[in-house]
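Asks: Annotations per TrEMBL:
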type	residues	note
TRANSMEM	40-61	transmembrane segment
TRANSMEM	67-88	transmembrane segment
TRANSMEM	100-121	transmembrane segment
TRANSMEM	158-181	transmembrane segment
TRANSMEM	193-214	transmembrane segment
TRANSMEM	226-249	transmembrane segment
TRANSMEM	270-294	transmembrane segment
TRANSMEM	314-337	transmembrane segment
TRANSMEM	455-476	transmembrane segment
TRANSMEM	482-505	transmembrane segment
TRANSMEM	517-541	transmembrane segment
DOMAIN	520-570	domain 'Cationic amino acid transporter C-terminal'
TRANSMEM	547-565	transmembrane segment
Amino acid sequence: MESSVFGGVEAWFAGKQVDSVHVKREGHHQLARKLSITDLVAIGVGATIGAGVYVLVGTVAREHAGPALTISFLIAGIAAALSAFCYAELACRCPSAGSAYHYSYICVGEGVAWLVGWALVLEYTIGGSAVARGITPNLALFFGGLDKLPDFLARHTIPVIGVVVDPSAAVLVLIVTFLLCTGIKESSLVQMIVTSVNVSVMLFITIVGGYLGFKTGWVGYELPSGYFPFGINGMFSGSAVVFFSYIGFDSVTSTAEEVKNPQRDLPLGIAIALFICCILYMLVSVVITGLVPYYALDPDTPISSVFASYGVQWAVYIITTGAVTALFASLLGSILAQPRILMAMARDGLLPSFFSDINKNTQVPVKSTLTTGIFAAVLAFFMDVSQLAGMVSVVSLQFGCSIQESDSKNLKDPAGSSENESHNIHEIGEALLGYPLIEKSISQENLNEQTRRKIAAWTITCLCMGVFVLAFAASAKGLSSTLRFTLCGLCGILMLCCLIVLSCIDQDDARHTFGHTGGFTCPFVPFLPAACILINTYLLIDLGAATWIRVSVWYAIGGLIYLFYGRTHSSLSNAIYVPSAYADEIYRSSSQHHLA
């Protein structure tokens with residue numbers, strides 16, 4: 001029993017080698033490497049701009065932020081940018097499908113990787129469903145209103161349970177799924193076209209709306225309640241919800257295996273896409289909340305209804321076209337990423353091999369794409385936008401910053417070292433070719449390095465505890481002001497001390513030689529990751545209890561799947577563990593053997 005428990009803990013923290021995925025794919029169909037930086041920007045912007053402007057603007061302004069919606073978008077954009085810095089470095093060093101799941105598997109271990117991967121399933125599938133759910137109110141404007149839609153596209157309420165079903169959202173998801181099955185280049189071309197239309201419409205909204213605002217005196221800002229009608233906490237609560245609208249940059253990293261030059265193009269694609277989206281979000285929110293009072297915004301079609309209230313009916317059709325194309329592009333980006341996450345998890349044995357099959361003609365994971373599309377269509381048919389968006393924000397915020405904390409501590413070699421190891425290099429190398437998973441070890445002569453890593457690990461733990469208490473105290477309305485300020489002050493001091501210790505400790509040399517060298521390096525470590533963790537934790541705490549309950553149920557389901565399938569079918573169960581000191585020699589020996 002004891003050995004079983006030990007083996008389970010060991011498997012939880014065991015990680016894979018950076019390029020093991022490429023070895024396992026030998027002799028199988030591969031993803032097409034066809035994407036350029038232009039394609040990545042189109043995928044990133046298209047996947048990002050959608051529900052954040054055309055669906056969530058009205059709801060968040062009315063219920064959370066008011067005119068301060070612009071600042072909410074800025075804060076959420078900063079939080080996303082901090083996470084994107086770390087995504088960019090890891091994408092350069094580990095350019096494989098799987099995004100944060102793949103990075104976690106290499107840096108931390110299988111257990112955390114499973115949680116991240118399972119969370120990404122929720123993020124992309126539900127994110128796509130939320131976007132699709134927003135298509136019906138905008139599509140209805142072409143027909144003259146929701147009551148004018150054809151019956152097979154209109155929303156209907158199920159009498160007994162009171163659930164509003166949305167057939168047009170489900171149909172749109174299935175159309176996008178079919179498009180993604182045709183090939184990555186074809187999908188990226190369509191994405192580029194609809195994204196160009198979307199960006200043009202958002203610029204139109206900013207210019208024409210700005211003209212109307214200066215002409216009428218920006219009546220939306222002349223409120224007795226001021227710029228922050230819901231207070232500072234309301235503004236941050238709005239940031240937690242609209243963070244959902246920035247998750248497109250993660251879609252870029254999920255296509256890493258299909259990029260021609262990932263070391264150069266991935267970080268540039270992420271940065272350019274995120275910058276464009278943040279600027280456009282802020283410009284549009286400034287205009288919309290300034291044209292009408294926040295409480296008068298339509299939660300379903302906020303932008304179109306604002307222009308209609310000013311009598312600019314011709315502009316409504318242009319805006320509606322932009323809304324439909326934006327939602328289509330965002331949906332395409334969400335469903336594009338999800339099958340590649342499933343494929344990466346299936347490669348590692350955590351999911352059935354069914355999900356890892358790549359079609360030899362289209363060079364895309366068709367089976368995973370169809371599964372994702374059908375599941376997203378069902379969710380879009382039954383669930384509303386607010387329920388879906390809250391769940392996605394929990395996942396995005398949790399794992400947007402958790403990859404910063406990838407543990408670089410090495411694990412001890414379970415078998416120890418012996419004098420005969422050097423004589424068995426060829427034999428170990430031969431066996432290792434099929435299962436290139438290496439558990440790092442700490443040699444006896446590196447006790448100083450071990451001590452340094454222990455200090456760093458405990459310091460990071462204290463930093464995270466201080467971040468959590470600080471964020472909780474800052475957002476807790478029930479605490480007295482004295483207690484809140486005391487907790488915030490003490491935790492601030494603790495965080496500052498931890499950052500000083502981390503900045504004085506030498507960085508792990510393995511960080512600079514990890515994976516593929518070259519490309520982007522995350523700046524201002526450890527200060528930037530700490531800022532990311534603080535902002536994301538604060539935004540997470542502001543999400544409602546109902547959202548956390550739904551996400552907890554999802555995690556519970558994932559835990560059962562991992563316990564009864566993933567852990568027993570994992571490729572790590574057949575791995576050969578060797579001391580990291582011999583890893584390079586093993587691979588050199590194996591390569592020379594095959595060349596001979």
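Placed from the backbone N, Cα and C atoms, the Cβ positions cover glycine too.
Keep in mind that TrEMBL annotations are predicted by a computer and have not been checked by a curator.
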Asks: What stretch in 100-121, 314-337, 455-476, 482-505 has the biggest tally of Cβ pairs under 8 Å against the transmembrane segment (40-61)?
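Replies: Against the transmembrane segment (40-61), the leading stretch is 314-337.
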Asks: So are the transmembrane segment (226-249) and the transmembrane segment (158-181) touching or not, going by 3+ C-beta pairs under 8 A with a sequence gap of 6 or more?
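Replies: Stretch pair does not touch.
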Asks: For the transmembrane segment (482-505), give me same-chain residues lying six or more residues beyond its boundaries with a C-beta closer than 8 angstroms to one of its C-beta atoms, as numbers and ranges.
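Replies: Hits for the transmembrane segment (482-505): 452, 455-456, 459-460, 462-463, 465-467, 469-470, 473-474, 476, 526-527, 530, 534.
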Asks: At a C-beta cut-off of under 8 Å, are there same-chain residues at least 6 beyond the transmembrane segment (67-88) that contact it? List them, or none.
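Replies: For the transmembrane segment (67-88), the sequence-distant neighbours (Cβ-Cβ under 8 Å, at least 6 residues beyond its ends) are 52, 57, 60-61, 99-100, 220-221, 223, 227-230, 234-236, 238-240, 242-243, 245-247, 249-250, 253, 266-267, 270-271, 274, 277-278, 281-282, 285-286, 289-290, 294, 397, 400-401, 403-404, 520, 522-523, 528-529, 531-532, 535-536, 539.
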Asks: With DSSP helix as H/G/I and strand as E/B, how many residues of the domain 'Cationic amino acid transporter C-terminal' (520-570) fall in helix, strand and coil?
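Replies: Secondary-structure breakdown of the domain 'Cationic amino acid transporter C-terminal' (520-570): 40 helix, 0 strand, 11 coil.
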